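Novice: Got a structure for you, questions after.
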Amino acid sequence: MSSFACWSLSLLILFYSPGSGEKAFEVYIWSEKQIVEATESWKINCSTNCAAPDMGGLETPTNKIMLEEHPQGKWKQFLVSNVSKDTVFFCHFTCSGKQHSESLNIRVYQPPAQVTLKLQPPRVFVGEDFTIECTVSPVQPLERLTLSLLRGRETLKNQTFGGAETVPQEATATFNSTALKKDGLNFSCQAELDLRPHGGYIIRSISEYQILEVYEPMQDNQMVIIIVVVSILLFLFVTSVLLCFIFGQHWHRRRTGTYGVLAAWRRLPRAFRARPV
């Protein structure tokens with residue numbers, strides 16, 4: 001045997017020997033999606049390059065159903081569902097008494113289902129301050145969320161949120177402004193959840209439009225006219241009340257006052273009518 005053949009045989013023995021530290025076979029895991037919504041289901045494939053694996057499968061704390069399997073068990077396809085949080089999945093196979101596994105982290109997202117916008121106060125005069133407040137229902141992952149406060153088509157503020165939260169979180173953005181004449185426009189808030197870094201897409205949700213009612217301050221002459229008119233109306237009202245009271249008293253006296261006393265005096269006997277000297 002040539003030296004080259006001996007050297008090649010030695011490498012093969014070293015490669016397949018249990019103590020060589022090299023992997024005798026490979027395990028692969030593939031997911032239909034890298035990020036999923038908590039309510040959806042998707043497919044995961046587990047496969048190996050072992051020609052005749054002893055056994056294999058998918059380890060997961062969630063619900064799973066095996067859909068298909070290779071006749072020799074070289075690959076298996078599963079339908080996974082009911083994932084409520086970020087989860088690590090493991091594909092494992094046993095080949096010639098040796099076991100090997102591969103893992104895959106699947107992220108879970110929750111879209112911005114409800115976006116609410118409030119104007120505080122909803123009615124202002126030109127030059128007064130007001131606040132725009134936008135609140136979004138629990139979202140995950142929060143670090144991929146952007147809230148945009150809009151006046152018409154103009155963006156007033158974009159707010160992002162840091163930190164990698166493991167559970168859905170509410171988010172709020174506020175913007176303080178001074179009312180202008182042009183502020184009688186529609187205000188709105190847009191929530192954007194960007195899942196592209198995780199193999200997903202952009203999810204957008206927008207609030208109902210809110211209109212800020214802006215009033216012009218009254219001029220001095222207008223205020224004077226209003227005060228004069230109100231004063232005249234108040235004077236006429238008070239005068240009419242007093243006249244009604246006076247005429248009512250006069251009518252009452254005519255009915256029960258002077259004429260009543262005179263009639264009673266005439267009914268007295270003549271002896272009692274004499275006036276003392």
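Positions of Cβ are set from backbone N, Cα and C atoms, glycine also.
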Novice: Just confirming the record: what cysteine out of C6, C91, C95 does Swiss-Prot connect to C46 via a disulfide?
Specialist: C91
Novice: With the disulphide bonds as Swiss-Prot has them, who is the partner of C50, out of C95, C134?
Specialist: C95
Novice: Taking DSSP as the reference, which of helix, strand or coil describes C189 (disulfide bond)?
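Specialist: Its secondary structure by DSSP: strand.
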Novice: These are the glycosylation sites: N45, N158, N176, N186. Which one scores highest on other Cβ atoms within 10 Å?
Specialist: N45
Novice: Compare the Cα of C95 (disulfide bond) against each of the recorded positions C46, C134, N176 and report the nearest.
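Specialist: Going through C46, C134, N176 one by one, the closest to C95 (disulfide bond) is C46.
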